[in-house]
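S.K.: Submitted below is the structure of interest, expressed as structure tokens.
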Amino acid sequence: MRQILIAVAIALAVAILLTPVLIRLFTRQGFGHEIREDGPPSHHKKRGTPSMGGVAIIAGIWVSYFGTHLVGVLMDGKGPSASGLLVLGLATSLGVVGFLDDLIKLRRARNLGLNKTAKTVGILVAAVLFGVLALQFRNADGLTPGSAELSYVREIATVTLAPAVFVLFCVVVVSAWSNAVNFTDGLDGLAAGAMAMVCAAYVLITFWQFRNACATAPGVGCYNVRDPLDLAIIAAATAGACIGFLWWNAAPAKIFMGDTGSLALGGIIAGLSVTSRTEMLAVVLGALFVAEVTSVVVQILAFRTTGRRVFRMAPFHHHFELVGWAETTVIIRFWLLTAIACGLGVALFYSEWLTTVGA
């Protein structure tokens with residue numbers, strides 16, 4: 001628990017101190033965000049707000065992770081794990097794709113960055129590498145960071161994927177979550193606040209897995225997760241970094257995370273869900289992100305098949321703005337829904353454990 005608190009504190013401090021530095025730097029460089037002409041009229045005043053603030057989030061997570069492990073090595077001799085480095089590697093790779101996308105947008109002074117093919121290839125490469133490596137690095141207990149068995153709260157033994165199918169599954173998971181968080185990042189502080197809550201839920205889940213790991217506490221209801229404490233540290237660091245960034249990103253935002261941050265944060269959810277064996281539970285925890293990306297898919301399918309739109313604008317947080325909700329009202333209500341979803345997800349996780357142990 002001490003390491004988790006250290007991780008939160010370091011990440012929060014780095015993000016909250018580095019973000020204003022980036023604001024000044026990007027403002028001097030003229031790296032102002034371009035706004036869609038067909039977006040809500042209230043967003044036009046945001047034109048010129050610095051973007052690429054996700055750099056502060058990623059930096060906060062990395063500094064926190066290694067800072068926490070430096071303390072950990074001094075206390076118990078344990079350093080970074082394969083699971084932790086894989087999750088951070090995935091998030092950083094996606095962050096690089098997002099950074100290039102943001103940079104091109106800012107250089108061209110238009111809301112179009114990497115073309116779809118280049119962006120898709122970048123995400124695909126990161127996802128494939130993650131999927132392949134997730135089945136490597138077997139520890140002394142025979143556990144790898146990922147599992148070929150499909151998981152809800154723990155592995156479903158009746159559904160085992162072939163290695164190639166598992167990699168394809170990882171591609172779907174990574175692509176879905178990175179795009180889901182990316183679509184959600186359309187209102188000041190919405191994605192950062194929601195992400196902090198999802199990661200807080202993952203801290204509880206992975207720490208519980210650590211306290212009830214089969215490797216150290218074998219018995220009914222134990223969890224076969226390779227590095228649960230390290231995953232808890234990453235979740236805590238991400239929550240702290242998002243809160244620190246939110247200090248400057250809350251409405252009215254002084255900086256946006258950009259694709260640099262949103263793609264990286266999507267990678268965090270994808271990586272945590274695979275390495276903690278909770279791919280299906282993550283859909284509940286991240287219900288807001290799922291709803292946002294679903295609204296985009298529904299809008300596209302409806303328009304292509306019927307020529308009509310279901311929402312005034314997608315992602316659907318813009319729909320509520322266009323029907324008269326104030327931006328801050330949408331944000332706060334969506335945060336409340338995220339808190340409810342996270343509470344439900346944690347409750348489902350814990351109730352499954354109670355059922356398993358017969359409590």
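Glycine residues also receive a Cβ, built from the backbone N, Cα and C atoms like all the rest.
What Swiss-Prot records for this protein is below:
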TRANSMEM  3-23  transmembrane segment
TRANSMEM  55-75  transmembrane segment
TRANSMEM  84-104  transmembrane segment
TRANSMEM  117-137  transmembrane segment
TRANSMEM  156-176  transmembrane segment
TRANSMEM  190-210  transmembrane segment
TRANSMEM  231-251  transmembrane segment
TRANSMEM  255-275  transmembrane segment
TRANSMEM  283-303  transmembrane segment
TRANSMEM  330-350  transmembrane segment
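Walk me through where these features lie, including what they touch and how far apart they are.
M.R.: Distant neighbours of the transmembrane segment (3-23): 50, 52-53, 55-57, 59-61, 63-65, 67-68, 71-72, 203, 207, 229, 232-234, 236-245, 247-249, 254-255; these residues of the same chain sit at least 6 beyond its ends, with a Cβ under 8 Å from one of its Cβ atoms.
If one looks beyond the transmembrane segment (55-75) by at least 6 residues along the same chain, the residues whose Cβ comes under 8 Å of a Cβ in the stretch are 2-3, 6-8, 10-12, 14-15, 18-19, 22, 84, 88, 91-92, 95, 99, 192, 233-234, 236-238, 240-242, 244-245, 257, 260-261, 264-265, 268.
Listed as Cβ neighbours of the transmembrane segment (156-176) (distance under 8 Å, sequence separation of 6 or more from its ends, same chain) are residues 90, 94, 123-124, 126-128, 130-132, 134-135, 146, 148-150, 266-267, 270, 273-274, 279, 293.
Same-chain residues lying 6 or more positions outside the transmembrane segment (231-251) and placing a CB less than 8 Å from one of its CB atoms are 3-5, 7-17, 19-20, 23, 53, 56-58, 60-61, 64-65, 68-69, 83-84, 87-88, 187-189, 192-193, 195-197, 199-200, 202-203, 206-207, 209-210, 225, 257, 261, 265, 268, 272, 275-276, 327-328, 331.
For the transmembrane segment (283-303), same-chain residues at least 6 beyond its ends with a Cβ under 8 Å from one of its own Cβ atoms are 176-177, 179-181, 183-184, 194, 198, 201-202, 266, 269, 309-311, 314-317, 319, 334, 337-338, 341-342, 344-346, 348.
Cβ atoms under 8 Å from those of the transmembrane segment (330-350) belong to residues 153, 187-190, 193-194, 197-198, 200-201, 204-205, 208, 251, 278, 281, 284-288, 317, 320-321 of the same chain, restricted to positions at least 6 beyond its ends.
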S.K.: Considering only Cβ pairs under 8 Å, which range in 84-104, 117-137, 255-275 makes the most contacts with the transmembrane segment (190-210)?
M.R.: 255-275
